[in-house]
Amino acid sequence: MAQSEPNEEQDLAKKIEETRQRFKKELLQESTEKYDQRDVERLLNDDALVEGYLEWRQQVVDDALKMIDDSLQWRKEFGVNDLSESTIPRWMFETGAVFLHGYDKEGNKLFWFKVKLHIKDAKTALDKKKYVAFWLERYAKKEPGMPLTVVFDMAESGISNIDMDFVKYVVNCFKVYYPKFLSKMVIVDMPWIMNAAWKIVKSWLGPEAISKLKFASKAEVLNYIDPEYLPPHMGGTDPFKYSYPPLPDDDFQTPIYDNGPSITEDETESKEAEQESKDTLESSFSSDVVPKSKKVTIQEDLPRAEDKDRGESSVRANGARKPLTTFKGPLMDVSPAEELSFGSGETERKCLIVLTNVTKNVVAFKVRTTAPEKYRVKPSSSSCEPGASVEIVVSLHGGFQASPQDRFLVMAAEMDGAGSQELAQFWKEVPKNKIMEHRLRCHCLSSSKPASDLLKESPVDTQSGRQLDLSSSLMRVMACNHRLEQKLDTCLWVQKVLIGLVLVLVVLNLQCLYLLGTAQRPS
């Protein structure tokens, strides 16, 4: 087993190299104007991109090259590398027909298509296709390598909303242009009149993607998406309502108790320490980050405070999970590279994020999360000297458990000659194009402990889990009840129709008998 893994890696590396060499020899030499040079450079340098094409085409180099050719030509034709909010008509964002929001049960981002809002129009067809490409490219840059779950919300839609050319384009985006991007495609509450159309769609998907197509009723969609990310008309509890601006896919928030310990830990700190930070807390009360001065500002003349920070950091890091992988960023290296792993054990409830400044300037950083009520991040906002490293402890709070849907966003920016400028003010003024962003997802470790031990260790957790299970079960029962009511109404209606037909037949039969009797009487 141990020997087979290196062999597989070697075989994959050979196929990646073979694909690149054949791409340069067979496709690139035909014409230098055929592709966008930025895409060519990425293909020649990004192993993960080539691997994605090979995996999607079952490791067949010929098929992968055909896919690469189609994909790169499409990217140049649509100008994908240059798509931005300013290049897409504003009214498309305002309609809310297509957007990213929420996660499925596996932690994949949801890509929503509100079918009832789509009207077939040849004049706007190209802009609509570029609009879809804009969202896909935006997500690919934010979370490279992470798949999407596409949700077609068919509620209140009809024949006028069906645009087979547009649907085929969406299918091709995942089949050809973005390999390995599709987790699943869920079609919710589809009217029976559209069955024939979707049978055609299934034929377009091909064998590699046909298993990813899921048809679901309002009750069945709960098998793929939790109620917290479903709208009320699907039996969910998500209060989200689409509006623009801004774009709705940025759901990161500043963690609670920013830069400070949680309440239970804070009770052990001395009153002197609280008084020491009081002035700074008051001065930054109106900002979006509430930092302690010793961690947020750059103190050039307070070596004792710095030494104290190092001591506190080592204490906080005790018991936290050490990262094993590293993402090489332009401003900071981030460890781990992709995910934080949490479990239910006491030693599995803390993780470390290690940031290393690779520039010659002081770099400010801050950490945000999609679940601020679950996690404590210490420090969540501070700065790092050139060549230095900072350890950030991320810990689960109270009885909360990590979820695959949870995300963390690490932001960093150089503080060129900022001096002792406060970070809250710095983040308000720094241009967006100067900020490095790196996203981390959460991985949930399976527990090897028996259920009885888990109950003893975390009764609050169990109670919370039971409440979530009960809530989910109730939602399903309500959805099933609604469906049964609809079926009952239909049955009653059919029953009334049948009774009416029977009465009509009885009347007709009586009339026939009367006519026959009249005809048989002697004149």
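A Cβ is built for glycine as well, from the same backbone N, Cα and C atoms used for every other residue.
Per TrEMBL, the features are as follows:
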- 100-242: domain 'CRAL-TRIO' (DOMAIN)
- 253-330: region 'Disordered' (REGION)
- 270-281: compositional bias 'Basic and acidic residues' (COMPBIAS)
- 297-313: compositional bias 'Basic and acidic residues' (COMPBIAS)
- 331-445: domain 'MSP' (DOMAIN)
- 497-517: transmembrane segment (TRANSMEM)
Within the domain 'MSP' (331-445), what mean pLDDT does the predicted structure show?
85
Count the residues of the domain 'MSP' (331-445) that DSSP assigns to helix (H, G, I), to strand (E, B) and to coil, and report the three numbers in that order.
13 helix, 56 strand, 46 coil
Within the domain 'CRAL-TRIO' (100-242), residues counted as helix, strand or coil by DSSP:
66 helix, 27 strand, 50 coil
